[in-house]
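The structure appears right after this line, and notes come after that.
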């Protein structure tokens, strides 16, 4: 192969096997695995598809990729039509491969297939199954019952929603639903629903309720559907209905319960003590609404922000209280402090150092120092520390200070603000016992004096500090456009926007100003002239109308 030919193949290449297309097939059998560039392969649409264009080929482009010039679209099945007493659900469309589903209206049974697919039949496509039929459901003769009968004995057949009613013989009680109806199960078969009733002789025993007494309904013998009313004894509350009924199974229902109408068992709150006076006893009972107060033991604090109380609730339970959590003292820095001895006052807690703990420690000078953990989580006389220097001074917004690599006791730093900001607070702070004092100042934005024409400011200064508020008052004869009160914001601007004071226009002059604005908006002199003529005519008509009104008024007086 020549060098030119090799380069040609390397640059343009060949095409591999053509892709498998779901909608088209090669027009002839192919045994090749690669194809020269510019090769054209003829294709035909697969069964179920029809041509959508004249070109039906694959073309091998010079770069070794196939270009698809085939357009085949799915064939469409005919509309299946409407299903009497049912419906046809089209899942997507009527195209090849699509599916439709058939279902019957309530009370009808489907005879035939419930689905049909658009499939290949011969050279075209058609539905796999014909339109089914929906026929009304029918039930057999209603079942007979012992000691009773139904009213449908004269009927020959029963269709969907037909019903019959049962009646018991004398001295028997009907249990269940007196009427049953012809229904459809699984859209395939007609059945009677619900189950037919039964006719029984029912007697219930003498009713008893713990901590309750019968209030009404006394009888020697209780039969089915007889009722009794109960009331609870003093100190108990009724849970459920106070009226019970003799049921079909010979029992009473619903069973009432008389519960103690108070809270009991004072809750034990972790790490807290009860302070309610007089002090309650464990065996006491507490009406709904009773409040018990607790206080955290030394070295503990409330676990939440809720009050340290529990309340006897309407459901006769005590409200929840998380109790108290430990207050731990901070752990001394092990890099600078050497703890010699640690005496734990209360071993059973999760704190490294807890209320009452005492530590003995030394610094580089080997002087023995002691500190005790207090109940509020602080050390006395101070947190064990050997540091004499301070951390970096606090950074402030829009301000700066001269930085240093270290800050020892009595070191001072001075803050200054950026241009456009004013320093509020002490400019100089000092390092004192590992803390900066006093608090760092703030740099607040400065706003320029608002320019107000025809008005005055409540506070007249050249500059205003951030958050400062100013009130604007317009001169007599002028009205304010905007907010009367404005505030200097953190970006050095006034918020809301500075208002304006404009001359108040009497109502009689409004049409004059409107005419003036109209003249300013007209594009050329001819339009202005025309507008003036119209305006003049309008004024003359108004003047004439005034004269007519005046004449009418004179005539009335005469």
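Here the Cβ of each residue, glycine as well, is placed from N, Cα and C on the backbone.
Predicted, not measured: the structure shown is a model, and the values here were computed from it.
Lifted from Swiss-Prot, the feature list:
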- 1-13: signal peptide (SIGNAL)
- 14-74: domain 'Sushi 1' (DOMAIN)
- 15-60: disulfide bond (DISULFID)
- 31: N-linked glycosylation site (CARBOHYD)
- 77-118: disulfide bond (DISULFID)
- 104-134: disulfide bond (DISULFID)
- 137-201: domain 'Sushi 3' (DOMAIN)
- 139-182: disulfide bond (DISULFID)
- 177: N-linked glycosylation site (CARBOHYD)
- 186: N-linked glycosylation site (CARBOHYD)
- 202-260: domain 'Sushi 4' (DOMAIN)
- 204-246: disulfide bond (DISULFID)
- 232-258: disulfide bond (DISULFID)
- 296-324: disulfide bond (DISULFID)
- 329-373: disulfide bond (DISULFID)
- 363-386: disulfide bond (DISULFID)
- 390-431: disulfide bond (DISULFID)
- 417-443: disulfide bond (DISULFID)
- 447-488: disulfide bond (DISULFID)
- 469: N-linked glycosylation site (CARBOHYD)
- 491: N-linked glycosylation site (CARBOHYD)
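Feature annotations (Swiss-Prot) mapped to structure.
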residue	record	Cβ contacts under 8 Å, 6 or more apart
15	disulfide bond	34, 35, 36, 37, 39, 60, 61, 64, 65, 66
118	disulfide bond	76, 77, 94, 95, 96, 97, 98, 99, 125, 126, 127, 128
134	disulfide bond	83, 84, 85, 86, 104, 105, 108, 109, 110, 111
329	disulfide bond	351, 353, 354, 355, 357, 373, 374, 377, 378, 379, 383
443	disulfide bond	396, 397, 398, 399, 415, 417, 418, 421, 422, 423, 424
447	disulfide bond	463, 464, 465, 466, 468, 488, 489, 492, 493, 494
491	N-linked glycosylation site	445
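Cβ neighbour density within 10 Å is lowest for 363 among the disulfide-bonded residues 139, 204, 258, 296, 363. With a 10 A radius on its CB, residue 77 (disulfide bond) counts 23 other CB atoms from all the protein chains. A separation of roughly 66 Å, to the nearest angstrom, links the Cα atoms of residue 296 (disulfide bond) and residue 186 (N-linked glycosylation site). Here residue 232 (disulfide bond) comes close to 211, 212, 238, 258: these same-chain residues lie at least six apart in sequence, with C-beta atoms under 8 angstroms from its C-beta. For the domain 'Sushi 1' (14-74), the model's pLDDT averages out at 91. In this structure the alpha carbons, written CA, of residue 246 (disulfide bond) and residue 31 (N-linked glycosylation site) are 89 Å apart. Nearest to residue 139 (disulfide bond) in space, judged by Cα atoms and limited to the recorded positions 31, 177, 186, 324, 390, is 186. In this view, residue 386 (disulfide bond) is surrounded by 16 other Cβ atoms within 10 Å of its Cβ, with every protein chain counted. Of all the recorded positions in the record (31, 182, 324, 363, 469), the one with the smallest CA separation from residue 390 (disulfide bond) is 363.
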